[in-house]
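Please read the structure below before turning to the comments.
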Amino acid sequence: MRLWWCWVIAFVLTLHLPNSAAQTPRIRNKTKPRTAPTTRPAADHLSTAYYAKSCPNLEAIVNRKVNAWIKRDSTIAPSIIRLHFHDCAVRGCDASVLLNRRGSERSAHASKTLRGFTLIDEIKAEVERRCPRTVSCADILTAAARDATILAGGPFWEVPFGRKDGRVSLGTEANLVPQGHENITSLIGLFQKLGLNIVDLVVLSGAHTIGRSSCSSIQQRFSNFNGTRKFDPSIDINYLNSLKRQCKLGTNFVNLDVTTPRTFDVAYYTNLEKKLGLLSTDQLLHSDSRTSPLVDALASQAQLFTSQFAVSMVKLGNVRVLAGKMQGEIRRNCNFVNS
């Protein structure tokens, strides 16, 4: 019981923190000792008004393009959210995942099921016509992920802009992104390196309330799980049999949320309580004592999920950004660095 209340208190406190880490109160000191000059964190250069004068139609362009694509194919919404996460999880939110060249993140085996690149290219082309050499691909991808969330039924949030695009993209680093079979300790460690916490881990995992996964990501749960020669005991047997029928081929796809796959809701969390999590990383959130109280809280409070999802997505979008005059570039084409 004590563990439960500790997490509830921590959760509530997190909801009231600013979009980044909590600020340390300033202590006034009359003597004002000399201190070495400090460099502002890159995220401090971001602003929701960054393009107010240089590209005032940016968000309207992004929204129109994302909306048109989702009307034709609703599965593109979770794909854009996932593409944004893959970008931010490697080198920060610098559009490195969009670079299309040999040996890049995009060319890696771990990225083979990523989608949405053509949509981002379309947005970039339109933005370049209206506001040439002004808006970064990193900002476009971040805004597209926000609009994809809204159009899928999720919450709205203000996107701070001003990111620059990175010039480095290494395929070997794409393996840093979770593939669905990691343990909770490694997931917590990854999020901590990104400046995110356990609340962010559980809440952002809730993006799996929509979208699909390839069967190859879950087939290890069907037999010889962790070398036991048995199926994963944390999965409901009827659900397991259904997945086996759907996953005759590893290239097939199955819904991440078995109950309401096209609705942005808390069914993802209630599914975990019933052993209906698709990925083993999903199901482990409910069985691990560090994360299970949060799963239970979110399962019963839809407003809590949507409000915190917006907060955590802002934090994700601020991860290790390149900003200011001396960092990164504004690519003219999202697929290539400027020549």
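Glycine too: its Cβ is placed from the backbone N, Cα and C atoms.
Here the candidates are C215, C334, and TrEMBL names C215 as the disulfide partner of C247.
Among the candidates C55, C93, the disulfide partner that TrEMBL records for C88 is C93. Take the candidates C6, C55; TrEMBL pairs C131 in a disulfide bond with C55. Between the alpha carbons (Cα) of C137 (disulfide bond) and C55 (disulfide bond) lies a span of roughly 14 Å. Of the chain residues outside the Ca(2+) 1 site list D87, V90, G92, D94, S96, E105, H86, C88, A89, R91, C93, A95, V97, G166, S169 have their Cβ within 8 Å of the site's Cβ mean position. For C55 (disulfide bond), the nearest neighbour among the listed binding-site residues (V90, G92, D94), judged by C-alpha distance, is D94.
With respect to their backbone Cα atoms, C247 (disulfide bond) and D87 (Ca(2+) 1 binding site) stand 28 Å from each other. When the Cα of C131 (disulfide bond) is compared against those of the binding-site residues V90, D94, S96, E105, the shortest separation belongs to D94.
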